[in-house]
Amino acid sequence: MTNTKIQIHLVFLQKVAPPPHTPSFFLPFHLQVADLYCLACELALCEDCLSDHEEHPKVPLSQALEQHRSSLQERLGIVQNRLPQLSDALSFVKEILQQLTNQRTSIEEDIQSSFEDLHKQLDVRKSVLLMELEVTYGLKQKVLQAQVDSLVRGEGDINATCTQTEEALAGEACVASLQVERELGERLAELASLGLPCQPEENDQLDLVMETDGLRKSIHNLGTIVTTSAVASQSEAMGIGLEQCIVGHPASVTIVTRDKSGGACKSGNAILSAEVFTPDGSIVDGEIVDHKNGTYEFVYTVPKEGNFSLALRLYDQHIKGSPFKLTVTRVSPSTTTGAKRRGKSPGQKKKGSKRASSALGTPRRKTQNPIEDDLIFRIGTKGRNKGEFTNLQGVAASSTGRILIADSNNQCVQIFSNEGEFKSRFGVRGRSPGQLQRPTGVAVHPSGDIIIADYDNKWVSIFSSDGKYKAKLGSGRLMGPKGVSVDQNGHVIVVDNKACTVFIFQLTGKLITKFGSRGNGDKQFAGPHFAAVNKNNEIIVTDFHNHSVKVFTPEGELVLKFGSNGEGNGQFNAPTGVAVDVNGNIIVADWGNSRIQVFDGSGSFLSYINTSADPLYGPQGLALTSDGHVVVADSGNHCFKVYRYLQ
């Protein structure tokens, strides 16, 4: 009875004023109880209505109500399911907005600081010029004033003596005046022959030369705000390198950046990153070339065959179609003469190449123990926790017995003891000063400060030994710093991978010098990676795509170049990490050949470090620990390894 009353009541209300959007099964104007629903007319039916809907499909009203509720609930669920997506998008856009604001603040501070520094330099120059004016004027004024004083004295003496003589001559000549007249005569004779400076001993020239036209032009063009409207969702990639490449051969992909409307961007400087990786992590390095017209080229080389993924990100977001599936194959021996062979142990050497005990103290194992090698221990797996890595790059070792690892994709630096014990980690992801976006190189200054090359932030950050941010350098000058080192004067050496230039800074950020450009000449680079400094304060740079190592003076003059493309002793397939021992021997990580080679100071091949038992896979940064071992970032295996190396 209760349900019946409710149904009649609802129908009665419907007579008075049906509210908008009311379901059609509430619309009949009958006082009978509606217990059926016409699917064709979408109406609730009572017994009085049945005759008008005899041929129409009908279902119980309760079923129709349940289906309607179910449909409404389903639509509600669909809409509600969008809320997390919208929430994530909102958070992400807010984060970008905050980063944009932070970047604006940072640039504003840089502008203020730069112009304050220029003001100070102008004031200093002004003071120097005024001081120089006073000194120059003082010297010339002193000479002329001394000449004036001498002439005044001479003039006074002559006038006084002449007056006395005239007075004597006006009196009568007598024996009493004879002595006085004799003295006056001698005085007049002296004055007649007196050498007075009658010609000017100085000139009056004081001129100011201010060549301000060039300075005004420089000031007019001083500083540029660099940006682009490129967005990842509209940007796209093309080229055969998206699908396949040949082992050991460079492959190329072209990226075209577009704005939110799909229009092609015409300017460069967008922040792009690229990775070629297997399902278990990133392994392949490469170089991104900015053509400055909105298009970019990613050139990479894969050291082994298999199925890989290629991820192309713009501002940390995948572009259209990314990640791409990539097939890496070998070149058929019949199609290429002298094609590279793989599978040879890095420990195998040409006949007659002997391990030098002065370079490597631990001898090769006897052939009956081929599994043993020089590995002491390895630390790390793929992950984001302490002691785990994702695309580790640079390595440094401190004199205090610490090993520092630039954990690139985890945006942090991890610190271990020489024995491999985890000590600490620091780093916060971001694009503001004090944050890390893509740390690739790390070095320790003699002061204890930790120096980090941040590839994507395009600057070098300086942290205290306990990971507290102190300063940055190179902002506005660097395009893609990869490796960092410190010379014997405490200067910071930065290898700019993207600009193909080596910069040398004071720790304060003042640029001392720079050298290098893109190319294959002696003083040119193609994607340089890391640097080391020998006891002569010479800078040793690995030239990745030119497959060579180059040694320069601190002024940038080439001293030595060695290496060529290949798998033989002394050859490279894209060298990366480099270090120098106390004897001047040069240790080089051979990335494409997955090995470590040792050379003497003149570039002659000495030996390999034996890595046969646990092979390297795309080694990156390399350093010598304070206890005389070699530590290398085994990027493809997501770990670092420490090897015996007695100097």
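Just so you know, glycine gets a Cβ as well, placed from its N, Cα and C.
TrEMBL does not curate its annotations; it predicts them automatically.
Across the domain 'B box-type' (34-61), DSSP classifies residues as 8 helix, 9 strand, 11 coil. Taken from TrEMBL, the feature domain 'B box-type' covers 34-61.
Summarising the annotation, TrEMBL assigns coiled coil to 90-117. Beyond its flanks by at least six residues, the coiled coil (90-117) meets 223, 225, 315, 430-433, 475-476 of its own chain at Cβ-Cβ distances under 8 Å.
According to TrEMBL, the repeat 'Filamin' annotation covers 227-328.
Per TrEMBL, region 'Disordered' is recorded for 330-374.
Per TrEMBL, compositional bias 'Basic residues' is recorded for 339-354.
Among the features that TrEMBL reports, repeat 'NHL' is placed at 376-419 (among others). Remote same-chain partners of the repeat 'NHL' (376-419), defined as residues 6 or more beyond its termini with a Cβ less than 8 Å from a stretch Cβ, comprise 275, 280-282, 425-430, 435-444, 448, 450, 452-453, 455, 463, 467, 482-484, 530, 577, 614, 620-627, 629, 631-635, 637-644.
Under the heading repeat 'NHL', TrEMBL lists 423-466 (among others). Among residues of the same chain six or more beyond the repeat 'NHL' (423-466), those with a C-beta under 8 A of the stretch's C-beta atoms are 99, 102-103, 105-106, 271, 273, 386, 393-400, 402, 404-417, 472-475, 478-486, 490, 492, 494-495, 497, 505, 507, 530, 621.
What TrEMBL lists as repeat 'NHL' is 467-508 (among others). Long-range contacts of the repeat 'NHL' (467-508) within the same chain: residues 110, 223, 287-290, 393-394, 413, 424-427, 433-434, 440-447, 449-455, 458-461, 514-519, 524-533, 535, 537, 539, 541, 544, 552, 554, 556, 621, each at least 6 residues beyond the stretch ends and with a Cβ under 8 Å from a Cβ of the stretch.
The average pLDDT computed for the repeat 'NHL' (512-555) is 95. Among the features that TrEMBL reports, repeat 'NHL' is placed at 512-555 (among others).
Annotated repeat 'NHL' per TrEMBL: 559-602 (among others), in sequence order.
Per TrEMBL, the feature repeat 'NHL' maps to 603-646 (among others).
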Intrachain residues whose Cβ lies under 8 Å of the repeat 'NHL' (512-555), provided they are six or more past its termini: 250, 285, 287, 299, 394, 441, 482-489, 491, 493, 495-497, 499-506, 561-566, 571-580, 582, 584, 586, 588-589, 591, 599, 601, 603, 620-622
